[in-house]
Structure formats: structure tokens, C-alpha cells
Amino acid sequence: MNNGFFNSDFDSIFRRMMQDMQGSNQVGNKKYYINGKEVSPEELAQLTQQGSNQSAEQSAQAFQQAAQRQQGQQGGNGNYLEQIGRNLTQEARDGLLDPVIGRDKEIQETAEVLSRRTKNNPILVGEAGVGKTAIVEGLAQAIVEGNVPAAIKDKEIISVDISSLEAGTQYRGAFEENIQKLIEGVKSSQNAVLFFDEIHQIIGSGATGSDSGSKGLSDILKPALSRGEISIIGATTQDEYRNNILKDAALTRRFNEVLVNEPSAKDTVEILKGIREKFEEHHQVKLPDDVLKACVDLSIQYIPQRLLPDKAIDVLDITAAHLSAQSPAVDKVETEKRISELENDKRKAVSAEEYKKADDIQNEIKSLQDKLENSNGEHTAVATVHDISDTIQRLTGIPVSQMDDNDIERLKNISNRLRSKIIGQDQAVEMVSRAIRRNRAGFDDGNRPIGSFLFVGPTGVGKTELAKQLAIDLFGNKDALIRLDMSEYSDTTAVSKMIGTTAGYVGYDDNSNTLTEKVRRNPYSVILFDEIEKANPQILTLLLQVMDDGNLTDGQGNVINFKNTIIICTSNAGFGNGNDAEEKDIMHEMKKFFRPEFLNRFNGIVEFLHLDKDALQDIVNLLLDDVQVTLDKKGITMDVSQDAKDWLIEEGYDEELGARPLRRIVEQQVRDKITDYYLDHTDVKHVDIDVEDNELVVKGK
């Protein structure tokens with residue numbers, strides 16, 4: 001080929017390039033680098049000679065270490081069990097497990113399933129907090145003590161975390177390889193029993209999708225479980241067992257269910273007594289028997305959404321930790337560190353022949369040692385029932401107090417406190433007070449709400465105000481009142497506002513603003529159904545269950561407890577009854593609006609009477625007290641004459657409308673006029689209110 005590219009010029013360039021390359025290969029032109037640093041040929045030769053004697057030995061050691069690592073990864077199945085699990089039986093031998101009390105029946109059933117020849121795989125099914133894991137630990141202790149069938153007397157229970165099997169499996173087949181090593185490890189040991197907590201996670205665990213061909217953990221374990229080659233203990237909740245395990249019939253038949261129920265209050269007290277020593281040693285706090293019983297009783301009453309014994313143990317642990325933090329105990333670590341520093345200083349002083357200084361240091365060391373020894377016993381805090389009440393109050397926000405003399409007097413005087421705020425409605429106040437006293441003293445049946453009442457009567461007589469005052473007096477906060485205006489619940493879809501929508505409807509996953517969710521978050525509340533006669537009949541049907549059984553099931557199937565609430569319904573039905581109306585007249589009026597089974601659920605139906613002028617005298621004093629509270633923020637005092645009060649009552653009295661017109665008059669004639677006077681006299685410190693020429697006047701000082 002002859003073209004313009006392959007010409008004589010190109011040939012000369014090529015020959016010159018080849019000559020340069022040959023020159024670079026000469027010894028004098030070679031360059032050597034070690035770890036990125038240029039070295040001379042002489043230095044390279046010296047380093048090579050020094051390393052030649054050790055190279056063979058190092059290579060042999062490196063090969064041996066690599067072989068050991070490979071054997072540990074592939075063939076060391078016994079070590080693999082130790083890497084991914086905890087040997088509960090060994091921990092029981094070492095005394096590291098807490099004692100298990102009152103679970104002999106469940107432990108015996110689990111041991112019987114394990115001793116079977118095939119399908120020897122028990123699964124503990126129970127709600128969260130009832131002690132499923134503790135039963136497995138109790139079984140490990142029973143194996144150590146020899147209180148199990150002969151077939152499992154040599155078994156070792158290995159607790160395996162499923163996530164540890166998935167960790168680091170970034171390549172196809174790595175997860176399956178881990179499972180095979182686990183199975184081979186169990187086979188080779190011949191006495192290992194695997195314990196999977198939250199065993200429902202094995203469904204789909206490790207699978208990467210139906211199209212990839214990757215198998216999940218449950219699919220790999222099924223053949224080995226069926227043949228009895230491995231034995232597994234599982235633990236899960238009722239919901240997870242139903243939603244995951246039972247859907248896989250092949251997996252379900254390989255397990256034998258052991259039902260774990262919540263222990264009784266008596267058994268829970270015994271459980272706390274069994275673990276008391278561990279908590280006392282950990283927190284350095286004494287825990288008497290009455291404290292243990294209070295943990296159980298108060299947790300049952302005030303933490304209904306959780307189960308025993310978990311909630312009682314948590315209350316005990318939190319109380320002991322709080323007392324330990326508050327106790328002026330000696331910091332053991334800091335004291336021992338200080339003693340060590342002084343020992344060094346003493347040795348230096350002796351070396352320097354400063355014997356007087358060394359003697360002083362020795363005295364300080366002895367003082368610290370005595371202080372450390374005394375701190376182990378003399379300064380140990382002792383828990384009381386009041387401490388348990390404080391813990392419950394911190395957890396729930398409810399002002400829990402021990403039933404002492406002061407609290408008994410407070411319960412006795414609850415009607416007087418309410419009567420001072422609710423004027424002219426003594427019958428309603430007394431009925432509500434009796435229900436509260438009965439509940440707080442512990443003499444009600446405990447299943448129904450604290451009280452359920454129907455307040456009927458004209459507008460403006462204190463029905464809603466009584467509900468507000470109850471929330472403040474019982475729960476210390478007016479925000480504990482859940483008020484529902486029944487005019488918003490009159491349509492056919494109103495039920496979804498109460499319990500949330502059911503599956504298949506929009507908003508199923510968002511029930512945050514429903515009544516059931518509000519009660520779940522704040523179980524100690526006063527629930528006010530205002531103007532109940534306007535509600536849809538389906539709402540009244542729901543209330544039948546609440547007032548009778550004390551619970552309600554929301555749209556997602558959760559059972560909400562209402563037994564710590566007070567239910568108050570208000571109605572204007574019976575408005576025409578006068579002060580002398582009998583109870584049968586009230587019931588006759590109520591039957592026009594409500595079904596008999598609804599009325600029969602209430603603890604009491606109370607008619608609120610019309611307010612007379614004598615009652616308004618007390619009401620106007622309360623309204624003026626509210627005005628004074630506002631003036632206190634400005635540093636202003638107020639004095640209202642009796643003539644001014646009488647004038648306000650005359651102007652604001654309306655028998656049909658109750659106290660609301662009086663409130664409006666106080667707003668217009670007192671608050672507004674004080675505001676106008678203050679804007680003209682910003683330095684005022686005192687105001688007098690009186691009547692002149694049939695008008696209210698404000699004078700300041």
C-alpha cells in the first residue's frame with residue numbers, strides 16, 4: 001500500500017522511537033520504586049538480601065493463617081453457632097439469667113414438645129410483655145438443674161438473631177450459605193436447640209424476590225424441621241402468628257403452639273420477689289414487699305394498655321433507677337480512681353524521703369477507703385409506695401397519690417369544691433361526686449367507666465361547666481376534657497369520626513383525630529358528648545358498649561379501654577320541666593328522644609334546674625373573680641360595690657337563658673369599661689366600680 005501516511009518521514013520517526021525504548025532498558029536508565037519511593041539498585045539489592053531469609057517462613061505462616069480462616073468460614077460450624085448466637089444454657093450455668101417464677105406449666109409444655117422424636121419445635125405465642133423469652137430462659141435453667149425429660153437433658157439452647165444471618169450477605173447465595181452452615185452446625189453438635197425470638201421474621205427473610213430464584217429462611221428450614229434434624233423454639237405475638245405463620249400451612253404443621261397468657265397479679269408479685277435481689281444489687285436500693293405489690297396494683301390501674309409482668313417490672317426498674325440517681329451515694333469509680341492516684345503520690349513521696357507527706361497521703365487513702373466501704377450499706381436508699389406513685393405519675397401524667405389521710409379528706413371534700421364552682425346544681429354535683437369517691441377508693445367493679453351521666457336541662461345552667469371542673473379537679477388539667485359537639489356527628493358517616501374508617505375506605509391508616517385514638521393517648525379523660533340528641537343513632541349504639549363494658553374497638557381492630565374515663569352527655573330535652581318535676585317526668589321526656597336501653601346504661605340522669613337570682617349572686621362573684629385574675633397580670637386591684645353587683649344581676653338575669661346573658665353583661669359593662677379607663681390612665685393601680693344614675697362607672701386611683 002502506498003499512501004501519504006506511510007512515507008519516509010514516518011519510518012524515521014518510528015526508528016527514532018525504537019532507539020529511545022532500547023536506551024531506556026539499559027541498566028543505567030532503570031528506576032526502582034518501593035511503596036511509591038524511588039530507590040537505587042544498590043538499595044534494592046540490600047533489601048532483597050535481608051528479606052530472603054524470612055520469606056519462606058512468612059509465606060508458610062501466611063498460607064497457614066489463610067487456611068485457618070477458610071476453615072473457620074466454611075467448616076467451623078461449631079464456631080459459627082458461637083458467632084451468631086448466645087448459649088442460654090451456659091449463661092444459666094454461670095448464673096447470669098434472672099430466676100423465672102410462676103411459669104412452670106409453660107416450661108413443662110415446651111420441654112414436652114422438645115422431647116418429641118419429630119416435629120419437636122415449640123412456638124411460644126403470647127402478647128408483648130407476658131414473658132415469652134423468660135420462659136425459654138427458664139427452660140435453660142431447668143436443663144441445668146436436670147428438671148427436664150431425659151431426651152433433652154443435654155441440650156444447649158442457642159439464641160439466634162435473624163439479622164445476624166443476613167448481615168454481610170451482599171452476593172447471591174451468601175445468605176443460603178449461612179443457613180446451611182447453621183444447619184450443619186446444629187447437626188454436628190447433636191445437642192443444639194435454636195431459639196428465634198420474633199420468629200415470624202423468618203417468613204421471606206433472605207429472599208430477594210419471586211423472580212430471582214432466591215429462597216427465604218423458612219423455605220430452607222422446612223425440610224430439616226420436618227425430619228427432626230434440627231430443633232427450633234420460636235416466640236411471637238398472636239397477631240404476627242396469625243398474619244405470618246398461619247398463612248404458611250407447611251410451616252405451621254412443623255410447629256407446636258404453646259400459649260403464653262398474662263400472669264395474674266398474685267403471680268406477678270411473686271415474679272418481682274424472685275428478681276428483687278438482682279435489682280437491689282444493681283441499683284443499690286432496698287425494695288420492700290409493699291413496694292412490689294404497689295408496682296403491680298398501680299400498673300394494672302394506670303397502665304392498662306400494657307401487660308403484666310413487663311409493665312410492673314418496668315415501674316420497679318424506673319423507680320429504683322430514679323432513687324439511685326437521687327441518692328447521695330459515693331461514686332465508686334471516681335473514688336477508686338482517686339485512691340489509685342494517691343497510692344502513686346505516696347510511692348513518689350517515699351522515694352523522695354518525704355515521710356511526713358507520705359503519712360498524710362496514707363491517712364487520706366484510709367479515709368476514702370472507709371467512705372467507700374460505708375457507702376455499700378449505710379447510704380442505701382429504701383423505696384416507698386409513694387415513690388411508685390411518683391413513677392406512675394411521670395409515666396402517665398396522671399396525678400397519682402397514695403391513699404393517705406390527706407387524700408381521703410380530698411375525696412370527702414370533692415363535692416364542696418365542685419359546688420363552689422357550679423352554682424345551684426347540688427343534685428348533679430352530689431351524684432357525680434359519689435361516683436368519683438367510689439372509684440378512687442377502689443369499691444367499683446372496675447370494668448365500666450368511672451361514671452356515665454346524662455345531664456338534661458335548659459341552656460346556660462352549668463352542664464358543660466361541671467364537665468370542665470371535673471377535668472381540672474380529677475386530672476389537674478382542663479385539657480383532659482374531650483369535648484364532642486354532636487351536631488357534627490348527625491350524618492350517617494359519623495361513626496368513622498368516632499372509631500376510624502374500616503379497611504378498604506379512604507383514611508384507614510390515619511385515625512389520629514378519632515375518639516378512640518384520643519382516649520388511647522390519654523386514657524384518663526372526661527368525655528363530653530354535647531347535645532347528644534343531635535347525634536346519629538349509630539353513635540348511640542356505640543355508646544351502649546362503652547357504658548356497659550368499658551371498651552370500644554376501633555376501625556383497625558384495636559380494643560380501647562374507657563374504664564378510666566368519665567362519660568357525660570348533655571341534652572336540652574326536658575327543658576320545660578320546672579323545679580318540682582319528678583324523675584318519672586324526666587324519663588317520660590327522655591323516652592321521646594332516646595331508646596330505653598340507652599337511658600338504662602347511665603349511672604344517673606340528672607335534671608339541671610333553672611337558676612334564680614340568689615344563684616346568680618354567687619355566679620357574678622365568680623365572674624368578677626375571673627376579671628380580677630386578668631387585672632393581676634397588670635398589677636391592678638379591683639373593688640366592686642354590692643350595688644354594682646345587684647345592677648349586673650338585674651341586667652343579666654334571664655330565667656330561660658341561664659347564666660350566659662350575665663357573662664355577656666360582665667364582658668360589656670366591666671371588662672370593656674376597665675379597658676377604656678386603662679387606656680386613658682396607664683398608671684392606674686386600683687379601680688372602684690359602682691353605680692351612678694343607673695349606669696356602671698369606673699374610677700381609678
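Including glycine, each Cβ sits where the backbone N, Cα and C put it.
Record features, source Swiss-Prot:
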- 45-81: region 'Disordered' (REGION)
- 81-332: region 'I' (REGION)
- 126-133, 457-464: ATP binding site (BINDING)
- 383-575: region 'II' (REGION)
Would you identify the secondary structure of Val130 (ATP binding site) according to DSSP, in three states? coil
Taking the Cβ of Gly126 (ATP binding site) as the centre, how many other Cβ atoms fall within a 10 Å radius? 21
Candidates Lys132, Lys463: member of the binding-site residues with the richest Cβ shell (10 Å): Lys463
Across all protein chains in the structure, which of the binding-site residues Ala128, Val130, Val461 has the highest Cβ count within 10 Å? Val461
If you count the other Cβ atoms within 10 Å of each Cβ, which of the binding-site residues Gly457, Thr459 comes out on top? Gly457
What is the average pLDDT across the region 'II' (383-575)? 82
Under a three-state DSSP reduction, the secondary structure at Lys463 (ATP binding site) is helix
